[in-house]
Amino acid sequence: MIAILFLGFSSGLPLALTFGTLTLWLAEAGVSKTAIGLFALAGTPYTMKFLWAPLVDRLRIPLFCRLLGRRRGWALFSQLALMVSILALGSTHPAENAQLTALFTLCVAFWSATQDIVIDAYRVELLEERQQGAGAAMVVLGYRIGMLASGAGALYIASASGWFMAYAIMAGLVSVGMLTVLLNPEPATESTPESLKQDERCRALLEKRAHWGPRSRAVITWLYAAVWSPFVEFLTRKGAIPILLFILLYKFGDALAGVMNNPFYVELGFTKIEIANISKAFGLAATIVGGVLGGVVVNRLGIMRALLVCGVLQMVSNLMFVILAWTGRDLTALTAAIAVENLAGGLGTAAFVAYLSSLCNVAYTATQYALLSSFMAIGRQVLSSGGGWVADQMSWAAFFSLTTLAALPGLLLLLWMMQRYPLRRDAVN
């Protein structure tokens, strides 16, 4: 579990550098709210990572994978590239060349998404089914500590030494993930009845194409196992399409609010230090409590009912920002809003991670988890990218009221799915 904690830190570290911390940097540099909202599109790799997840699942990088194994080799390779990309992003000047800033933001997001593919697969393969609730809590804890480092930590450093130094130090913290990878073993992989059926179908296909040469047969075999089988195995399950739609919508309300939180704080007149102390540092404590409680709720209620309870709390928590918009620059109101929002967010994330993990076939862990988390990221990155434009058209109170309503479709779909497509684990419990 300690390794899962540190891997969660490694996953959480880059996100604020392309999202919350970046939006504050852009707001301080004078970039318009509409443009800040569009910067969320630079996180598109998080939504598209399922496209190259089959490569991570099957392809072996020379030297790295030979020395460390497939999972650890890919992890270290992506972390080295991530370190360089973060350093490059910090060297840009968004007020002078926003396009270059966007380009390196895209690079950070790509290598961060690639690292996530490996780390998610490692976690699912390492933990037994009964450990997924506790594992989800540890992931949330580590993830939020990573976000604290790149959130509050980066703001403290930026206030004292500038944005380049903040991003340079964050690049150095990528080494935490590297050490974790180097000090832990390569997980064992196994075949499942579903994966064996896919292998049989591939052999049947090749038997009908006896005229194909050895090279063609090898390529087809690899593509079938790496690309076709993981997607077909999942998409042919009962309820696959509603499941993907639910994953898309569950965190949408939170994400729509989150993309404009920091510009909201800046417009209300809060300083970087106040934002760091309350929004980042205090918010982390609330999220940790929420993540731990989320693991308990999953084990007590089952995954689906935990998703419902936590989802309702997530939705209601956005109303705290409506109150903050009415009160204006009030540290007590900010503290209350952050406490409620982060507690609910930690609960929801722990339940959601446990849900995604339960859906994966261990024979195709990297590709299937990447597919599922990509749909989650679409809600966070693509659908929320219009948040800046929406905020420009209305008051802050109206905007955050709208984000509350945006959570309803996902909850209504969840209620329907609980009746039609319950999880086997919940049925057993």
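Just so you know, glycine gets a Cβ as well, placed from its N, Cα and C.
Record features, source TrEMBL:
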TRANSMEM  34-52  transmembrane segment
TRANSMEM  73-90  transmembrane segment
TRANSMEM  102-122  transmembrane segment
TRANSMEM  134-158  transmembrane segment
TRANSMEM  164-183  transmembrane segment
DOMAIN    239-429  domain 'Major facilitator superfamily (MFS) profile'
TRANSMEM  240-261  transmembrane segment
TRANSMEM  281-299  transmembrane segment
TRANSMEM  306-327  transmembrane segment
TRANSMEM  333-357  transmembrane segment
TRANSMEM  369-390  transmembrane segment
TRANSMEM  396-416  transmembrane segment
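Only pairs six or more apart in sequence are counted, and the transmembrane segment (281-299) with the transmembrane segment (306-327) gives three or more Cβ pairs under 8 Å, enough to call it a contact. Counting C-beta pairs under 8 angstroms (sequence separation of 6 or more), the transmembrane segment (240-261) reaches the transmembrane segment (333-357) with 3 or more such pairs.
With pairs at least 6 apart in sequence, the transmembrane segment (306-327) and the transmembrane segment (164-183) have fewer than 3 Cβ pairs within the 8 Å limit; the two do not touch. Same-chain residues lying 6+ beyond the ends of the transmembrane segment (73-90) with a Cβ under 8 Å from its Cβ atoms: 10, 14, 17, 56, 60-61, 64-67, 101, 104-105, 107-108, 110-112, 114-115, 117-119, 122, 163-168, 170-172, 174-175, 177-178, 181-182.
The average pLDDT for the domain 'Major facilitator superfamily (MFS) profile' (239-429) in the predicted structure is 85.
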